[in-house]
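Engineer: The structure follows.
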Amino acid sequence: MLFDTHCHFPHAKYKKTSEDVVADARMAEVSLLMNIGTSLKESRRAIETTKKFDDVYCSIGIYPHDDRDHAVNVLEKKLEEFLSQPSKIKAIGEIGLDISNWQGGRNLEEQLELFEIQIQLAVKNHLPIVIHNRNGDKEVLELVEKYSKDGLTGVCHCFTQDWEYAKKMLDFEFYLGFGGIITYQSGEYLSEIIKKMPLDRVLVETDSPYLLPEPLRTQNKGEANEPQNVVLVAQKIAEIRSVSYDEVCKITYENGKRIFKID
Ligand SMILES: [Zn+2]
């Protein structure tokens with residue numbers, strides 16, 4: 001049993017249907033999927049998939065550079081509308097900061113405003129958040145600290161930061177999500193963090209259709225990643241921690257169910 005805690009489907013990169021993506025995941029014993037929204041459109045799409053598949057849950061939210069044609073208060077209203085319906089929405093995300101050379105993207109001030117209103121939405125609805133963080137460690141920590149006393153928790157998706165940052169997020173009761181990057185040579189430094197941190201805060205994810213894990217990345221260059229490949233991430237964690245694959249599957253599955261409050 002495995003829980004891919006971060007994937008995006010349907011997606012133009014897939015050459016197969018969502019039915020096949022989910023069926024292939026089940027074949028690999030990946031029996032829970034968290035489908036993550038990044039915009040209004042993709043959040044709506046993620047909600048739709050949860051109606052089709054028993055084992056799919058979702059998260060809704062606006063990525064730092066998405067839906068730039070809408071004012072922040074309009075986005076907030078739309079997300080509130082989604083939350084007011086009965087649904088399998090289990091988190092707000094992926095949200096956060098992306099401080100990069102994004103062409104025509106939001107500036108930092110705008111990103112912070114969008115991030116904070118979504119944090120407030122999460123706190124109000126007792127949902128965890130799924131954080132995307134590129135080059136925003138200081139600002140993310142400040143906001144998490146500010147809302148931690150209100151019960152804010154969540155996941156650091158695609159963890160690529162250092163131990164100092166990991167330790168602080170763990171102190172705020174966050175979980176760290178690891179994906180294909182831990183199988184890359186460039187991600188070798190993450191082994192130290194995976195070794196040091198408590199196993200009961202580790203989540204496995206694919207970020208499908210992105211970040212195809214090795215050795216598939218070398219073998220099938222350019223191919224879409226899929227939830228079934230979370231197996232390779234779990235295997236890598238078992239190797240790093242010197243525990244059995246089955247134990248990693250069991251623990252990370254329970255971790256995912258705990259943070260996303262899935263019975
Ligand atoms: Zn993602």
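Cβ coordinates are placed from backbone N, Cα and C, and glycine is handled just like the others.
What you see is a predicted model, and the numbers here were worked out from it, not measured in a lab.
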Engineer: Given TrEMBL annotates His6, His8, Glu94 as divalent metal cation 1-binding, which of Asp200, Asp207, Asp246 belongs to that site as well?
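Structural biologist: Candidate in the recorded divalent metal cation 1 site: Asp207.
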Engineer: Output, ordered by sequence, the same-chain residues six or more apart from Asp207 (divalent metal cation 1 binding site) with a CB under 8 Å from its CB, or 'none'.
Structural biologist: His6, Cys7, His8, His157, Cys158, Gly179, Gly180, Asn225
Engineer: I'd like to know which of the binding-site residues His132, His157 has the most other Cβ atoms within 10 Å of its Cβ.
Structural biologist: His157
Engineer: List, in sequence order, the same-chain residues at least six positions removed whose CB sits under 8 Å from that of Glu94 (divalent metal cation 1 binding site)?
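Structural biologist: The answer is His6, Ile36, Gly37, Thr38, Ser59, Gly61, Tyr63, Val130, Ile131, His132, His157.
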